[in-house]
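**Student:** Sharing a structure, written as structure tokens. Questions coming.
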Amino acid sequence: MGTPANIIVGSHVWVEDPTLAWIDGEVVSIKNNEVHVQTSNGKKVNTDRSKVFPKDMEAPPGGVDDMTRLSYLHEPGVLQNLATRYELNEIYTYTGSILIAVNPFQRLLHLYDTHMMEQYKGADFGELSPHVFAIADVAYREMINEGKNNSILVSGESGAGKTETTKMLMRYLAHLGGRSGVEGRTVEQQVLSVKSSP
Ligand SMILES: Nc1ncnc2c1ncn2[C@@H]1O[C@H](COP(=O)(O)OP(=O)(O)OP(=O)(O)O)[C@@H](O)[C@H]1O
């Protein structure tokens, strides 16, 4: 995460904050490698130039749905984008072909209903809003088209939402399999019952 050299007096920047992780502010002076920043919450911070990151003042108010479109792909930029989207209940964001999911800690039922599954079925990747169904759809289609096994890696720290995400992936894949199966159970019921077995 290199720091661009174009930090000057008046630049809008991000600096580390012990409580908020990052806070935005404006550079008021620079002496050698020490940068003085007036933060938006009224503090004065003196820090090394290498710890000051430019803030994109032209970022769309609702954030971007693919982080490769961020002007600055640094930690505060990424976190700011995720937080902006999260406030709008947009829990999914792409970084290229990778999906980032932020745990909503609430049921967002509209995100996972049958109507939503139907929308993602066969849709070009990136055509619709970032979603776990889009990832499952691409993986499934590649598997069918190339006739090879495929995998989806779900990773994150404890409590991040891996189990929920995996459930949604399996539900979508089972939905694609769609026909009624043995003993009158749908493929979805069969797949989900396999997962919950001890
Ligand atoms: N997409 C989601 N929608 C609604 N709630 C969610 C979602 N993802 C996570 N949660 C909530 O967060 C809780 C923790 O998520 P989950 O069990 O999936 O985490 P995990 O990454 O599998 O954790 P661990 O590694 O500790 O098993 C869930 O019980 C659920 O309440």
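Each residue, glycine too, has its Cβ placed from N, Cα and C.
Dumping what TrEMBL says about this protein:
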DOMAIN    8-57  domain 'Myosin N-terminal SH3-like'
DOMAIN    62-198  domain 'Myosin motor'
BINDING   Gly156, Glu157, Ser158, Gly159, Ala160, Gly161, Lys162, Thr163  ATP binding site
**Student:** Sequence gap of 6 or more, C-beta under 8 Å: which same-chain residues meet both conditions with respect to Lys162 (ATP binding site)?
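**Tutor:** Long-range Cβ contacts: Val154, Ser155, Gly156.
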**Student:** Please report the DSSP secondary structure of Lys162 (ATP binding site), reduced to three states.
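**Tutor:** In three-state terms, Lys162 (ATP binding site) counts as helix.
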**Student:** So which of the binding-site residues Glu157, Gly159, Ala160 sit close to ligand 1, that is, with a CB under 6 Å from an atom of it?
**Tutor:** Gly159, Ala160
**Student:** Tell me, how many other CB atoms lie within 10 A of the CB of Ser158 (ATP binding site), whichever protein chain they belong to?
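**Tutor:** There are 5 such Cβ atoms around Ser158 (ATP binding site).
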**Student:** I'd like the per-state residue tally for the domain 'Myosin motor' (62-198) from DSSP, helix first, then strand, then coil.
**Tutor:** 69 helix, 11 strand, 57 coil
**Student:** Of all the binding-site residues given, Gly156, Gly159, which residue's CB has the most CB neighbours within 10 A?
**Tutor:** Gly156
